[in-house]
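Here is what Swiss-Prot records for this protein:
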- 1-13: compositional bias 'Polar residues' (COMPBIAS)
- 77-86: compositional bias 'Basic and acidic residues' (COMPBIAS)
- 87-99: compositional bias 'Low complexity' (COMPBIAS)
- 1-26: region 'Disordered' (REGION)
- 77-99: region 'Disordered' (REGION)
- 30-40: motif 'Cx9C motif 1' (MOTIF)
């Protein structure tokens, strides 16, 4: 008796990871960018702040540059392009922090 039900031999074909899953940064190549982003999120108490989105963009760019994730357009990742990101960050930094 074989361990394969129905005695059918089927080759298992690997499937690519789902969109949004990517390799861990074992070498710590993007740790600094990640920590900047997480600290920003902590400061704004998890709100969707433009300056934090710019840091998220820097983190994802680092991951793409080090081939830890596939390159994609910023719009597909929910982030603004270069001009909009810089304008939003400069406008947000001019505002006083909320209490």
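Cβ atoms here come from the backbone N, Cα and C positions, even for glycine.
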DSSP residue counts for the motif 'Cx9C motif 1' (30-40), split into helix, strand and coil: 10 helix, 0 strand, 1 coil
PLDDT averaged over every residue in the motif 'Cx9C motif 1' (30-40): 95
